[in-house]
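In Swiss-Prot this protein carries:
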type	residues	note
SIGNAL	1-33	signal peptide
TOPO_DOM	34-255	topological domain 'Extracellular'
CARBOHYD	71	N-linked glycosylation site
DISULFID	171-185	disulfide bond
DISULFID	231-242	disulfide bond
BINDING	235, 236, 237, 238, 239, 240	strychnine binding site
TRANSMEM	256-277	transmembrane segment
TRANSMEM	283-303	transmembrane segment
TOPO_DOM	304-314	topological domain 'Extracellular'
TRANSMEM	315-335	transmembrane segment
TRANSMEM	431-451	transmembrane segment
TOPO_DOM	452-464	topological domain 'Extracellular'
């Protein structure tokens, strides 16, 4: 009986300790579970689980593989806009390029934060769109003081990728109205390898293109209206997504007025000063004319130095050509004045030579017929036509008068002839003083009105 009681005591003790051990294990498990709930997973462990080697994430495969295409929304923030070069027809811009897409493989719920800002080195661990700039001529990243890149992952799997770039983009320009032209420069964003079956670029709905506050250009006025378009590209390898933004640039005239138009205008006006200089001051007028022509030629060459060698005529070319024409015409005007003012000397020399020939001819005739006075009287020969005047008389010693025997008018004296031609030369100068400025004024009216209308039409076409 005592043995039975002792056995029951041992059995009850065993069950007691077994129950105590079980309760201890349960308590320990709950404690560990509570600790695990109160202490979240470390960021390193979380990232390893999300996109590490053990996560099964493959950056070589796009999201929704063999499914619908990935929609990537783009946004551009312009830090600086400038270095617009007409010779190379390109422009330089510094931007923040932001791309946003959804990758379901990166969605998470284990981590408490709504988003994670990751180091740029993690970019190699995830899939990224193969975006490139179709009209890019040169580009570079920024690495001071670190890589200027941003990677942010959201709970729902959205990915934000931002990068700072400096781009040199081509911008074909029509310079027919230069420097009163309006240009349109584009920026095209295109997928390099993924067709539209895999990837589609779209502009962000709100503020797709932003410009830094206070951004100004030295020679252009950047219009606030940004023209956003889709430019799908069709190649032999397929149809590729493409989006573009068009920047409308209106050239400012201030620089060209000061550097080109006003100096050339003053040179033309300076050439008119020769009209008020005495025609006898040949060195002064010739020196002034040649100087203005050479200066205008240099000015015209300088205006073309900063422009490409295009095959069409520009507005500045027309202006410079007309100014050069006016300056050269002023020099030719003095040549005409000088020629007219010296014509009396040539005329006197010609008359003297002609008179000598006429007198010699008359004397020859006279001696030929002087042997027979009767024949001379019967013929009633008159030497009036040969310049002899009343030296010889006809029959009865009377000079016949009639319609065929008009009395010769005595030529003017050399001084009178000189005065006539000098007055004519002075009249040319007087007419030039009025005609040259008037013609140049008419040209200016037509020039500025026509190109003002063309400029307005270009602006209107851009708005359409």
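The chain as shown is numbered from 1 upward.
Note: Cβ is positioned from N, Cα and C throughout, glycine not excepted.
Projection of Swiss-Prot feature records onto the structure.
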residue : record                      : Cβ contacts under 8 Å, 6 or more apart
71      : N-linked glycosylation site : 101, 102, 200, 202
171     : disulfide bond              : 84, 89, 90, 91, 135, 183, 185, 186
231     : disulfide bond              : 188, 190, 242, 243, 244
235     : strychnine binding site     : none
236     : strychnine binding site     : none
237     : strychnine binding site     : 195
238     : strychnine binding site     : 195, 196, 197
239     : strychnine binding site     : 195, 196, 232, 233
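Under DSSP, residue 240 (strychnine binding site) is assigned to a strand (E or B) in the three-state scheme. Residues of the same chain lying 6 or more positions beyond the ends of the topological domain 'Extracellular' (452-464) and with a Cβ under 8 Å from any Cβ of it are 177, 180-182, 184, 223, 225, 227, 248, 250. Local packing around the Cβ, expressed as the count of other Cβ atoms within 10 angstroms, is greatest for 185 among the disulfide-bonded residues 185, 242.
Secondary structure at residue 171 (disulfide bond), as computed by DSSP, is coil. Within the same chain, residues 86-89, 175-178 sit at least 6 positions outside the topological domain 'Extracellular' (304-314) and bring their C-beta atoms closer than 8 Å to a C-beta of that stretch.
DSSP labels the residues of the topological domain 'Extracellular' (304-314) in these numbers: 2 helix, 0 strand, 9 coil. Taking the centroid of the Cβ atoms of 235, 236, 237, 238, 239, 240 as the strychnine site, the other same-chain residues with Cβ within 8 Å of it are 195, 233, 234.
The DSSP breakdown of the topological domain 'Extracellular' (452-464) into helical (H, G, I), extended (E, B) and coil residues amounts to 12 helix, 0 strand, 1 coil. All chains included, 21 other C-beta atoms sit within 10 angstroms of the C-beta of residue 240 (strychnine binding site).
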